[in-house]
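Below is one structure; the comments refer to it alone.
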Amino acid sequence: MLGFGRRRLFSALLQVQKRPCQPSRNMRLVQFQAPHLEEPHLGLESGVGGGVVDLNAFDSTLPKTMVQFLEQGETTLSVARRALATQLPVIPRSQVTFLAPVTRPDKVICVGLNYADHCQEQNVRVPKSPIIFSKFSSSIVGPYDEIILPPESKEVDWEVEMAVVIGKKGKHIKATDVMAHVAGFTVAHDVSARDWQMRNGKQWLLGKTFDTFCPLGPALVTKDTIADPHNLKICCRVNGEVVQSSNTNQMVFKTEYLIAWVSQFVTLYPGDLLLTGTPPGVGMFRKPPVFLKKGDEVQCEIEELGVIINKVV
C-alpha cells in the first residue's frame, strides 16, 4: 500500500532547511504553506510522501493559486515541466502545510451510484444515466485537515472518491475530446450527513456540503502521469480498519462519459472538480449502521494518487 503522510503544524523555525533533490518525474502539483512564506505557494510534491519544490520560487511570474495556474494552460504547465526536469531544492515535508490542491473552484460536481459494486450493496439497479449532485466549494479542506462533525447531524459517513480536475474551459464537450479538457486527478473524501440527505425533499445538497465535508489532495496528479485512471485500487480506512476496497474499473460511467454528459448542462472551467462516485463499504449500509464519531481518523487512498488523512473532531 502507499505510504501515509500527516499534516504538520507550523514550526517556530525562522528559516527553512532545504536539501537539493531530484523531484519525482511524475507531476504532482500542490498548494502549500510554509513558515518562511507570507502566503500560499504552488509546488511540486517530490513523489508520494515526499517534500515540496516551490514553483513560485523557481519562477516568480507563476500565479500562486491552482485555478489561475490552470487557466493559463500550456504556458504555466511548461514552466512546471521545466522545474520537474531540474534539480531544485526540496522543502522537507515536515516543514510544509499542504492545502487542498484546488480551492474555491467554480463548481464541485458529484456523481451518485457510479460503482457497480456500490449499487449491489444497496440492492438497487445500476443507473442508466449519471446521477448528478453538488457540494459547495466552501466544503473543501486540505488533505490532512480536520473534519468537523456538525451538531445538526448524527449520521456522518465516509466516501472515498477519485476526483477529476478540469484544466480547460468547455461546453458540449465530445467524449472523444474530454481528456483535452482534463488537467489531472486527485483523492477526495465525499463526507456525507445521511440524515440530511433524506430531509429537505431528499435533495442531497445539504447533507453533502457542511463545512469540511470535502477533504482533497494531497496533489493534483497530471493526466499524463496516470496510465489508466479507470484501473486504480481505491480504499478507505477508519481507525486503521479497511472499510472500502475496490478498483476504479468498477465505475459505471467513466471520466469521458461523465464530463461529456455534464457539459451538456453547464460550462466547465479550469479548476472545476468532478467527484466520480464511491465504492461499497459506506457506514450507512453496515448492519447495524456505523457513523463517524469524534476522535476517528479516516484515510482515503487511491493507487498512484496518494492518501489523505483526516481526523474527526
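All positions are counted from 1 along the displayed chain.
Using N, Cα and C of the backbone, Cβ positions are placed for all residues, glycine too.
Residues annotated as transit peptide in Swiss-Prot: 1-84.
Taken from Swiss-Prot, the feature phosphoserine applies to Ser129. When Cβ atoms from all protein chains are considered, those within 10 Å of Ser129 (phosphoserine) total 9, not counting its own.
Glu161 (Mg(2+) binding site) carries a strand DSSP state (E or B). The feature Mg(2+) binding site is assigned by Swiss-Prot to Glu159, Glu161, Asp190, with similarity to another entry given as support.
The Cβ neighbour count for Lys202 (N6-acetyllysine), using a 10 Å radius and every protein chain shown, is 8. Lys202 (N6-acetyllysine) carries a helical DSSP state (H, G or I). Positions annotated as N6-acetyllysine by Swiss-Prot: Lys202 (among others).
Positions annotated as N6-succinyllysine by Swiss-Prot, on the basis of a large-scale study or a structure entry: Lys202.
Lys233 (N6-acetyllysine) carries a strand DSSP state (E or B). Marked as N6-acetyllysine by Swiss-Prot on the basis of a large-scale study or a structure entry: Lys233 (among others).
Other Cβ atoms within 10 Å of the Cβ of Lys233 (N6-acetyllysine) number 15 in total over all chains. Within 10 Å of the C-beta of Asp190 (Mg(2+) binding site) there are 27 other C-beta atoms, taking all protein chains into account. DSSP classifies Asp190 (Mg(2+) binding site) as coil under the three-state reduction. Remark: Glu161 (Mg(2+) binding site) has Cys110, Val187, Ala188, His189, Asp190, Leu275, Thr276, Gly277, Thr278, Cys300 as non-local neighbours, by Cβ distance under 8 Å and separation of at least 6 in sequence. When other Cβ atoms within 10 Å of the Cβ of Glu159 (Mg(2+) binding site) are tallied across all protein chains shown, the result is 25.
Distance noted between the C-alpha atoms of Lys233 (N6-acetyllysine) and Ser129 (phosphoserine) is 24 Å.
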